[in-house]
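Undergrad: Straight from TrEMBL, here's the annotation block:
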- 23-327: domain 'G-protein coupled receptors family 1 profile' (DOMAIN)
- 12-33: transmembrane segment (TRANSMEM)
- 45-73: transmembrane segment (TRANSMEM)
- 93-116: transmembrane segment (TRANSMEM)
- 128-149: transmembrane segment (TRANSMEM)
- 177-198: transmembrane segment (TRANSMEM)
- 277-296: transmembrane segment (TRANSMEM)
- 308-330: transmembrane segment (TRANSMEM)
Amino acid sequence: MEISTVDATRIIFTSTACLATFLNITIIFATIWRTKELTSTSLITFWLCCFDGLVASVDFTINVSTLTLHHVIDSTTFQTHTLSSTICQIHGLLHIFGGSSSLLLCLLLTTFRYSVIIQKHILSRKRTITYIALAITAAATFAGLPFILHAPEIYILHPSQEYCATDWSQQGPKPRVVVFINIMTVIPPVSFIGYAYYKMYQNVSKQCRKASEVVRNARLHAEMKGRTGSDTEFESSYVSQNNQGTSSETVVNVPEYSRGLEKEAEEEERRLLKQSVIIVSAFLIGWSPYLLVMVYEATTTTLVPPIYDFLAIFCTVLNQAINPMIVITYNSEIRNNLIFWK
């Protein structure tokens with residue numbers, strides 16, 4: 001990459017990371033005082049915003065300050081070169097820890113929603129907290145593996161010069177173990193989320209269609225009843241002689257009310273479809289490119305060109321900025337906290 005290109009991409013990357021940091025921190029500060037009141041789904045979402053905010057804030061800080069110094073520091077003394085490597089390793093540790101936590105929590109959130117909608121099984125709050133703790137512990141272990149294995153050099157500054165993370169191209173038993181575990185952290189969420197949300201949409205859509213069918217049948221029954229005044233000849237005669245207004249009210253009001261319910265069910269189905277498409281698209285666009293880079297570098301043992309590396313990592317940062325927008329739009333509990341906080 002030319003120097004001017006590096007500067008341009010850094011400005012774009014840093015600006016997006018800044019936006020992601022601001023949005024996630026806003027949700028965190030507005031919600032942190034009410035975490036005990038959150039439902040299981042909202043609690044997982046809150047922690048997801050915490051780790052998205054962690055990665056975005058680290059990327060923002062590093063790009064504003066430390067990574068700029070790599071070009072200067074690495075060409076000086078051995079001591080300062082060691083300092084530069086240490087900074088990069090710390091950045092890599094935080095990057096992998098935050099990213100792995102976000103992925104595992106996203107998998108947990110998707111599994112929870114799938115369990116509620118498809119399997120009709122609700123996770124208790126206590127068990128939810130346990131799973132969140134396990135996900136964070138696992139992510140911390142994965143991120144610390146290079147240090148546990150006494151191979152911190154596995155964390156490198158990547159070709160785009162925007163971030164430090166695992167060197168997916170390294171050979172040898174220790175790097176291979178780390179790379180395999182990291183890749184397996186990404187694959188399950190990416191592969192499961194599309195399937196899960198498709199099944200959830202399919203299930204709710206089926207329920208909406210059943211509700212619409214019931215409403216249509218009720219309206220048809222009301223209209224037929226209105227034409228005769230009643231279900232039986234005796235009731236028809238009784239209604240016509242004693243309360244002629246009843247059949248007219250049945251014909252007019254019940255169909256109008258049932259049409260409203262049918263329209264509401266159709267709108268709910270469209271809303272769910274829109275929500276599912278947005279959530280799945282944001283996640284897949286955010287993580288699929290970087291997964292491809294990981295797999296490519298691991299299988300070919302060569303680093304991708306800087307521009308591809310930048311596009312892949314930029315997608316993940318963009319995802320960290322879009323996620324809070326999705327949360328604010330579709331999670332009424334967290335959205336209400338934001339309104340109250342203001």
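Glycine residues also receive a Cβ, built from the backbone N, Cα and C atoms like all the rest.
Automatic prediction, not curation, is the source of TrEMBL annotations.
Computed from a predicted structure; not experimentally measured.
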Undergrad: Determine whether the transmembrane segment (308-330) and the transmembrane segment (12-33) share at least three Cβ pairs under 8 Å, counting only pairs 6 or more apart in sequence.
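TA: Counting Cβ pairs under 8 Å (6 or more apart in sequence), the transmembrane segment (308-330) reaches the transmembrane segment (12-33), since there are 3 or more.
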Undergrad: Which stretch, 12-33, 93-116, 177-198, tops the Cβ pairs under 8 Å count with the transmembrane segment (277-296)?
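TA: The stretch I would name here is 177-198.
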Undergrad: Averaging the per-residue pLDDT over the domain 'G-protein coupled receptors family 1 profile' (23-327), what integer do you get?
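TA: Across the residues of the domain 'G-protein coupled receptors family 1 profile' (23-327) the model's pLDDT averages 80 on the 0 to 100 scale.
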